[in-house]
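Trainee: Next up is a structure, given as structure tokens.
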Amino acid sequence: MSDSTTTKKAEAIESVRTYEVIPPKVPKYLRWIYLLDSFGVEAHGIDRYTPEERLEYVNSTRNGRSWQFFHTFGLWVAACGGLTSMSSFFLPTLVFGLNLRDSMVSGIISMNLGCAVAAYFSTMGSKSGCRQIVGARLLFGTWGVKLVSVICIVGGVGWSVVNCVVGGQVFAAVSGAPLDVGIVIISVLSVVIAVFGIKVLIRFQTILSLPIIIAVILFYVVVCDKAHHIPASNKLIKDSGYSSETTRGNWLSFFTIGYSVTASWGSGASDYYAMFPEDTSSFSVYFLTFLGLSIPTTLVAVVGTLCGTIAYSYQPWLTAYNSGGVGGLMNETFDKWGRFGQFVMIVWYFSLICNNIMNTYSAAFEFQLLDERLIYVPRWCWAFLIALIYFALSIAGKEHFSTIIGNFLPMLAYWISMYITILVLENVLFRRTPKLRKMHWREFENDETSADKYLFNWNNWDSRANTTNGFAAMSSFIVGAVGAVVGMNQTYWQGPIARKIGAYGGDIGFWLCMAFTAVIYPPLRYLELKRFGK
């Protein structure tokens, strides 16, 4: 790509971002779209926030950096402390037949492992000023990141379908309305907030974080009131006659689900730190994200597991679950509180919206990475398209919640495990020191000071000539996918290794993904750097 072409492209992106003028290449029948910016719709697309822009922003906000940290922690609490995260943790006993101890161990360990993965991804945000998958260009290349973007879009849509289906169940249980009504409401509210961008999103999430945590505490109260049914549930599971190998397989399968609940945030974690100053400590960002994910998710994981275990032997709750899903079960637990219980359920309903907003917001950027021409379509248009897609899929899959969870979430675990493996190996083996970064001479060309200071040259985030071709990353990605094929344990496919673990198999796909990727990436990346210098 010539310098003149790169310059013209940068100018085009800048004109789209600022909307000082309607970009000349935009057809006349689409120009009305840009006029909506006057209503406060976020204009910033996939382009990078420069260090100067970020510093100006933080200096213009009250309490500066501390306020950024406070709002971001509130964002994570609202997104992870609600029903989205908790819904998966009803399943270890009700679906996988695990007793309380095995459920807790599998769920808590896997969930916190996922938190560590997502937190590592988040550290890229303040250093790069880029959205998560935009930064992935420097690993997968301009063409490879298109595949990654598609996977992220599918992931965001999938989580949104989970939210909409559970939201429909909750709304139906509280109001008696059809599931479709609750799905419509959650879809509309999610896209409205997501359209107005990161600043509105963070404030909305922060405000709702407190009532959501109060709702969690109240759920502990009603669940623990029936805790005396737990021994009966454990006895029923013991009497079911599962062999130790079968239990181990079920434990591993749920471990994959628990891991994916939090690890899947890695596909968009740095999106919410792109406006942090460049000199923000990576350790601060890491621990903010880890604690912001872990604390609320642990709270809901424990109470969700307790509730699911109790429901296994307590007939009123089991009947409510079988007839109304997670929403029906939760409504039954609060039934004795009357109208106040219904109010608490509405708070739980809004917790789903909090999570859905973030999915809608992040997925919109990934469309702009599929083709350079798509940057001319504003981000909010993609948010509307995302909402239409997950609304339609939610209506179609509204009766199959546990099937969606069981089949969809492990797929996220597979790909995010390959992504984190590639990123860690790249940082540790090929970028850790200035000497190693000299292997990336094309990336740091004409900018040697960046090689001394930064792991990546973010100034070249959009330069195809200076960033990797992605051969090593994409080849490793394909090989890692083989690990998923031989280790997954799903209704649509049971890998040859997975089927050997107990009567129903055990899912070890994401472990094999990581192992296969870790073996193949280092030699391929070394050869790529020797040949291309980027």
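From the backbone N, Cα and C atoms, a Cβ is placed for every residue, glycine too.
Any TrEMBL annotation is an automated prediction that lacks curation.
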Trainee: Given 251-273, 435-457, which one carries TrEMBL's transmembrane segment label?
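Mentor: The range carrying the transmembrane segment annotation in TrEMBL is 251-273.
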Trainee: When you check the transmembrane segment (285-314) against the transmembrane segment (69-91), do you get at least 3 Cβ pairs under 8 Å, counting only pairs 6 or more apart in sequence?
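Mentor: Answer yes: the transmembrane segment (285-314) meets the transmembrane segment (69-91) with 3 or more Cβ pairs below 8 Å.
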Trainee: Test the contact criterion for the transmembrane segment (340-358) and the transmembrane segment (181-202): 3 or more CB pairs under 8 Å, pairs 6 or more apart in sequence, then answer yes or no.
Mentor: yes
Trainee: Which stretch from 181-202, 207-223, 470-488 shares the most C-beta pairs under 8 Å with the transmembrane segment (251-273)?
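Mentor: Stretch with the highest Cβ contact count: 181-202.
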Trainee: Please give the sequence-distant neighbours of the transmembrane segment (207-223): residues at least 6 beyond its ends with Cβ less than 8 Å from one of its Cβ atoms.
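Mentor: Residues 74-75, 77-78, 81-82, 296, 299-300, 303, 306-307, 310, 330, 333-334, 336-337, 344, 347-348, 350-351, 354 contact the transmembrane segment (207-223) from elsewhere in the chain.
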Trainee: Report the listed stretch (103-122, 134-161, 508-527) having the maximum count of Cβ pairs within less than 8 Å of the transmembrane segment (470-488).
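Mentor: Against the transmembrane segment (470-488), the leading stretch is 508-527.
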